[in-house]
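Below is one structure, written out as C-alpha cells; the observations come after it.
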Amino acid sequence: MDLWTALQALILGVVEGLTEFLPISSTGHQIIVADLLDFGGERAMAFNIIIQLGAILAVVWEFRRKILDVVIGLPTQPSARRFTANLLIAFLPAVVLGVIFADLIHHYLFNPITVAAALVVGGIVMLWAEQRQHEVHAETVDEIRWTDALKIGFAQCLAMIPGTSRSGSTIIGGLLFGLSRKTATEFSFFLAMPTMVGAAVYSGYKYRDLFVPADFPVFAIGFVTAFIFAMIAVRGLLKFIGSHSYAAFAWYRIVFGLVILATWQFGWVDWTAAQP
C-alpha cells in the first residue's frame, strides 16, 4: 500500500463518517469525492462496504444502552416488542425494492449529475418540510405507531436514488408523519442499523470475490476513520438539533448541488466521465 492509496482511504473514510448520518447523502459525497480522487474499480466497491460497516458500528456504540434495554426487554416489555416491530416494518420496504431495483439504479443513476440534482431537490423538500406546520404525536421513539414506521420505511426507499440521503429521507419523512425532530432523528439512526447491515451483508456476499488480503490495510484505514468520524457526526447532530432546524443542511445541499451542476454546465469538470 503506497502513501497515496492510504491517503485516499483516509479521506473517503472521513467523508463516509461525517456524511452517513447527516441528511446530505453519504453516497452522493462518496461518488463525487471518489471521482475527484480517481478511486474506483473493484477495490472501491469492496471498500465502500467496509467503511459503511465502520459508520454503522459508531451508531451501535452510541446507542448501545438503548439496544441492550430492548434486547433484554423483548420477552417481557411491550414497549421493547413494539419498538422492534416498528424497526422491522420500516426496514421491509427497502429490502423488497432494494433487491428488485438496486442493480438498475447503480448502473443508470450512480453518477455525479444525478447526485447533484437529487441534492438540490432534496434540499428544497427539506426546507419545505421544516417550514410546514405539522402536529407532533410522537415525542420519543417508543411512541411511534406502526403506520408511522411503514411510511418512514417507504420514505427511506427514496434514498436508493444517490444524492437523496437515507437519513434525510427518513428524518424528513418522520417530521411530516408526526414525529418530533429529535425522535425522527433517533429513529433514523436506529433504522440505519438493520438497513445498512443488511445492505452490507447482501453486497458483501454478492461481491465476495473482490475482498482480497492485499487490500485489507486499505480497508482497515477506511473502517477506523469512518467509525471515528461517524461518532463525531452522530453526537454533533443530536446536540445540534436540540436548538436548530435542518435548514442549514438543506441550504448546504442546494448550494453544493448547484456548484456541481455549474461545473458540469460550464465544462469546468467532466463529471459525465465519472464511473460508478
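Placement of Cβ uses the backbone N, Cα and C atoms for every residue, glycine included.
For reference, Swiss-Prot has these:
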- 43-63: transmembrane segment (TRANSMEM)
- 85-105: transmembrane segment (TRANSMEM)
- 109-129: transmembrane segment (TRANSMEM)
- 184-204: transmembrane segment (TRANSMEM)
- 214-234: transmembrane segment (TRANSMEM)
- 254-274: transmembrane segment (TRANSMEM)
Mind pulling out the one from 43-63, 109-129, 214-234 with the most Cβ pairs under 8 angstroms to the transmembrane segment (184-204)?
43-63
Long-range Cβ neighbours of the transmembrane segment (214-234) (under 8 Å; 6 or more residues past either end):
1, 5-6, 9-10, 12-14, 16-22, 43, 46-47, 50-59, 61-62, 189
In terms of Cβ proximity under 8 Å, which residues at least six beyond the ends of the transmembrane segment (109-129) contact it?
23-25, 27-28, 31-32, 35, 161-165, 168-169, 172, 175-176, 246-247, 249-254, 256-258, 260-261, 264, 271-272, 274, 276
